[in-house]
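Trainee: Can you read through this structure? Questions will come right after.
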Amino acid sequence: MRSAKDFFKPLAVGAPRPVTEVPARPSRVIHFFDPSNEKMAAKIPSMVGTVDVLLGNLEDAVKADKKVAAREGLVKIAKATDFGENTQLWTRVNALDSPWVLDDLVTLVTEIGDKLDVIMVPKVEGPEDIHYVDRLLAQLEARAGLQRPILVHAILETARGMANVEEICGASPRMQGLSLGPADLAADRRMKTTRVGGGHPGYLVRQDPPAGVDDAVHADRATYQQDLWHYTIARMVDACAMHGILPYYGPFGDIKDVVACEDQFRNAFLLGCVGTWSLHPVQIEIAKRVFSPSAEDVAHARRVVEAMGDGTGAVMLDGKMEDDASLKQCLVIVELAERLSRTDPELAQLYAAVPDGGADVADVAVSSGNEGSAQ
Ligand SMILES: CC(C)(COP(=O)(O)OP(=O)(O)OC[C@H]1O[C@@H](n2cnc3c(N)ncnc32)[C@H](O)[C@@H]1OP(=O)(O)O)[C@@H](O)C(=O)NCCC(=O)NCCSC(=O)C[C@](C)(O)C(=O)O
Ligand SMILES: [Mg+2]
């Protein structure tokens, strides 16, 4: 067991000190590209500034005979590209049991470690996988003379990884976040789906037959498709919140179904995720829209903050009770809007245009206790 005092010491002589907080940079959209695909790679420099994260993918979706080309392609792109202040560079390396991952890590940290913000590790099964990567990265960072640590993001793609999710999140100060890997996870769990994320028409609940109807089989009864990923995402969100790291949805493979993609992203956003992946350019705007709070929600949250004054007690606003806890939810929205405004001028303009929350005195009534809190 590591002592708490040791947790923030570098794991190799000369490696940079671990971070104590995940840097607060927007990561609503993590855009995947295959660096071995020349057409795709050529587009990457012009995408800087249009997405929060550009991720050079080396793992699944890159053909086995293109693994080296993808690694070298990513090095070339990273060296030639200025990613600016607002776009991070991440990579997804090959799985820890694959023949490629050691060279992925050694090459990338040595060659472009100063440009890489986060390394995504697929198929993480437990804290031991993170410990392995943690020490190796420290050695490579020391050798490369890096001044800041590269962070680690784990993908949950196995039942064992899910069962160990809290330990994975707390395994290292390098942990930046978690994403859902719905395709591998479904296979590992023996779920009977064949898709990459999203729902399934067979996973549903059916309305009861109307009262007094004897023939339930032929009665007209509505069905409602359910979210296959609710439990998994909710567990991920709690594990991340507990350890101060960030949860993300993951891939939505039905590129043409932009409506269902938006729904799946929004479910994840509402449950607490901070971002998602885009696999195709068409998903970028969807992700940015969904993971930025709406102008209406920001306006409402500001009104509640204003109405709650010192933040204690309870008030009535538009017929609804607001108190310390609803204020905290509103502060999540307001703080997110403020953070996004600092790097996204369009959002800054949008949020500046909405009312600043001046709660109408007629709308606000002190319903209990602290009179000062309503003013
Ligand atoms: C789906 C594919 C094959 C359709 O690619 P396409 O070329 O057939 O599509 P298109 O509609 O014809 O493309 C239009 C244009 O956009 C370009 N384009 C297309 N995609 C991109 C992109 N990402 N970035 C930049 N440019 C892109 C493409 O090159 C083309 O350019 P053009 O107009 O000049 O001809 C392609 O989009 C693609 O390969 N996307 C990335 C797939 C990927 O990374 N998959 C792995 C992540 S999901 C996963 O691993 C699961 C997980 C977590 O492990 C688990 O659940 O277990
Ligand atoms: Mg996978």
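Cβ from N, Cα, C; glycine included.
Whatever TrEMBL says is automated annotation, not expert-curated.
Per TrEMBL, domain 'HpcH/HpaI aldolase/citrate lyase' is recorded for 31-195. Under the heading substrate binding site, TrEMBL lists Arg92, Glu157. The Mg(2+) binding site annotation in TrEMBL covers Glu157, Asp184.
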Trainee: Tell me the Cα distance separating Asp184 (Mg(2+) binding site) from Glu157 (substrate binding site), rounded to the nearest angstrom.
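Mentor: Taking the Cα atoms only, Glu157 (substrate binding site) lies 5 Å from Asp184 (Mg(2+) binding site).
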Trainee: Do me a favour and check the Cα-Cα span between Arg92 (substrate binding site) and Asp184 (Mg(2+) binding site); whole Å is fine.
Mentor: 15
Trainee: Which of these binding-site residues has the least crowded Cβ, counting other Cβ atoms within 10 Å: Glu157, Asp184?
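Mentor: Each of the binding-site residues Glu157, Asp184 was scored by Cβ atoms within 10 Å; lowest is Asp184.
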Trainee: Mean pLDDT, the domain 'HpcH/HpaI aldolase/citrate lyase' (31-195)?
Mentor: 98
Trainee: Taking the binding-site residues Arg92, Glu157, Asp184, which residues show a Cβ-atom distance to ligand 2 below 6 Å?
Mentor: Glu157, Asp184
Trainee: Give the three-state DSSP assignment (helix, strand or coil) for Glu157 (substrate binding site).
Mentor: coil
